[in-house]
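Below you'll find the structure, written out as structure tokens, and then a few comments.
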Amino acid sequence: MTNYRVESSSGRAARKMRLALMGPAFIAAIGYIDPGNFATNIQAGASFGYQLLWVVVWANLMAMLIQILSAKLGIATGKNLAEQIRDHYPRPVVWFYWVQAEIIAMATDLAEFIGAAIGFKLILGVSLLQGAVLTGIATFLTLMLQRRGQKPLEKVIGGLLLFVAAAYIVELIFSQPNLAQLGKGMVIPSLPTSEAVFLAAGVLGATIMPHVIYLHSSLTQHLYGGSRQQRYSATKWDVAIAMTIAGFVNLAMMATAAAAFHFSGHTGVADLDEAYLTLQPLLSHAAATVFGLSLVAAGLSSTVVGTLAGQVVMQGFIRFHIPLWVRRTVTMLPSFIVILMGLDPTRILVMSQVLLSFGIALALVPLLIFTSDSKLMGDLVNSKRVKQTGWVIVVLVVALNIWLLVGTALGL
């Protein structure tokens, strides 16, 4: 009886520790459902129905592995990816990495910020510029939570992630997708046209986020409690749960667009405003409102995550620190410029996601090299199978990017 009580107590303690260590992956996962995902998934679903769902499935599986590796690097070494690159690579390479990572972070933030502004515009009936001002204010307020530590921020962002997931359960109920065709689209690969390749690259860029690869390793580098193996085990659960939720949201986005737009003849729906306006008569005003609210929630939470990632990148690569409010102010400027110039915000969102796909390999190559180094990682070093899978992902990403560049250059 005593042994049972001891085992029961130790089991509860292990579960309590696992719960305490969960959270970083939810911050990382919010980057996988930002407004860039809304734009690319809606465009892909409206244009090609369920044919590109398989891209979301495979991109999400790749993302799970990548985020586990990133988190593992922080746990095993106590340093994040940017710091490891700084410590192991020549200075010119480090500066190159910092510049491209900042560009990627700004491209990401552009999509997130404009997406939230569009969301405010749709649900409140304000102008895009007024929506941007509201987004800026809301972002500053959310970032103030960081002063209280990482946990309050994890809870708020995790709550927003769950809200977006719940919103898309509602959207699926409204749109009633064809489950047989949906399942087929998830399993059978198809790239019918050059536009499909462009959108597939966009989906990949929107699903696997380079800035979150840098960020996740910093969120786990200061995790304490239990052994390294216990922290790693808890982190794998954290990533599996958070990324499964994010993957479901991405699939639901594309499936809803396919069911609501593609199969009703609205294959040209390509921007968020049009999607909102088209949803009202096709499904209902409630469905359109839920769409707008989920866009605001995704945009606000992901732009906060983008700001944190930018801070990690700067501190890690060049040991330079600026206050978060200064970084937030500077990174808002491109969004306001795009809005004031009257550029098509949804096109900017999709282009930013394609740009992101070029940063994936640059972040992933050193991550694979470091996590495969037994001197750095000790007992958490990558297995042979993980190494091989990681390099296959790099080759696939690079091949898709080359295909995209050649196709764009030749006007295919």
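Cβ coordinates are placed from backbone N, Cα and C, and glycine is handled just like the others.
In Swiss-Prot, Gly45 shares a side of the membrane with Val269. Looking just at the topological domain 'Periplasmic' (345-350), the mean pLDDT is 71.
Counting only same-chain residues 6+ beyond the ends of the transmembrane segment (197-220), those with a CB under 8 A from a CB of the stretch are 24-25, 27-28, 31-32, 34, 36-37, 39-41, 43-44, 47-48, 52, 55-56, 59-60, 62-63, 66-67, 70-75, 79-82, 101, 104-105, 108, 150, 191, 231, 235, 250, 305-306, 308-310, 312-313, 316, 350, 353-360, 362-364, 367, 397, 400-401, 403-404, 407-408. Stretch with the most C-beta contacts under 8 angstroms to the transmembrane segment (277-297), considering only 52-71, 126-145, 156-175, 351-370, 388-406: 156-175. Within the topological domain 'Cytoplasmic' (72-95), the DSSP-based counts of helix, strand and coil residues read 19 helix, 0 strand, 5 coil.
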